[in-house]
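What TrEMBL says about this protein:
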ACT_SITE  ASP84  active site, proton donor
BINDING   HIS85, HIS177, HIS206  Zn(2+) 1 binding site
BINDING   ASP105, GLU135  Zn(2+) 2 binding site
BINDING   GLY178, GLY207, GLY208, SER209, ASN228, ILE229, ASN230, THR231  dihydroxyacetone phosphate binding site
Amino acid sequence: MIVNAKEILNNAYKNQDVVFQININNLEWAKNILLAANELKKPIILGVTPNAAKYFGGYHVCYNLVNSLILDLKIKIPVCLHLDHGNFDDCLKAIAANFSSIMFDGSRLPFEKNLKLSKKILEICHKKNLSVECEIGRIGGNEDNIISKVAYTDINEAIEFKKIGVDMLAIGIGNIHGQYPKNWQGINFKLLKKINKKLNIPLVLHGGSGIDKKDLKKCIENGIAKININTELQIANAKAIENFIKNNDIMKNKNYNPRKLYKLANKSIFNKTKEILQRFLN
């Protein structure tokens, strides 16, 4: 069942629990993430970046694929199909394709313009019962080939986003996309606690890959209800494919068959998803 993220995140926030967003990149990712989450009976948010949607063939392809997998695999858990880091046009395309949740990322825009466009997206989405995530305070790292330096969220700006009715807010508290460098300064928990106290809405942590379990647990205890994971699965997937190619003669036993070539990768995605979801299994 495809649902919006609001209800599952509100429940998580209330109970100091977390819902994971795991980004999908192809059929194999979507299938194995769904199967793993369903086995554990945990709700899941499937994230799709604009570049991933393009890779799939378009937003409608993403929706139809996920919806069909849910039906054919008999997935019983709540599944949210979420646009990740979309600009205004990306949001409109995802809405038209029946995505159940939208992230408008205007964090690179001047604050007032970000707020204005976020409000427009909220008005459109809430009429259609879609959940909306917005972002302020740029999250550092590399996302869809956009490289950003860390910019911490301003509490007063965050309050303005609560006023316009945002369902969940992605905040910058030292987190980054991609792999964390050795000289990473860590999570600013003092800022997180202040934001949580002022907003009292589900907060989102992007760049969950690479943050240790202890720090993630502390984030959840202080308002983070959604954690985004992507890099961990990308690395596990790549290593599995590399391992298969290194240890098998591609020209023997029809190992060039994509179904054989991707067998270990499928298993790695399934197992890594289960590992992630069980980190904080209540």
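Cβ atoms are placed via backbone N, Cα and C, with glycine included.
Those TrEMBL annotations? Automatic predictions, nothing curated.
Distribution of TrEMBL features across the structure.
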residue: ASP84; record: active site, proton donor; contacts (Cβ under 8 Å, 6+ apart): GLN21, ASN23, GLY47, VAL48, THR49, ALA52, MET103, ASN228
residue: GLU135; record: Zn(2+) 2 binding site; contacts (Cβ under 8 Å, 6+ apart): HIS85, MET103, PHE104, ASP105, GLY106, SER107, LEU169, ALA170, ILE171, GLY172, VAL204, HIS206
residue: ILE229; record: dihydroxyacetone phosphate binding site; contacts (Cβ under 8 Å, 6+ apart): PHE20, GLN21, ILE22, ASN23, GLY208, SER209, ILE276
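Among the listed binding-site residues, namely SER209, ASN230, the Cβ with the most fellow Cβ atoms inside 10 Å is that of ASN230. According to DSSP, ASN230 (dihydroxyacetone phosphate binding site) sits in a coil region rather than a helix or strand. It is ASN228 that, of the binding-site residues ASN228, THR231, has its Cβ surrounded by the most other Cβ atoms within 10 Å. Reduced to three states, the DSSP call for the residue listed as 'active site, proton donor' is strand.
The sparsest Cβ neighbourhood within 10 Å, among the listed binding-site residues (HIS85, HIS206), is found at HIS85. For GLY207 (dihydroxyacetone phosphate binding site), the count of additional Cβ atoms within 10 Å of its Cβ stands at 25 [all protein chains shown]. Comparing Cβ neighbour counts within 10 Å across the binding-site residues ASP105, GLY208, the minimum falls on GLY208.
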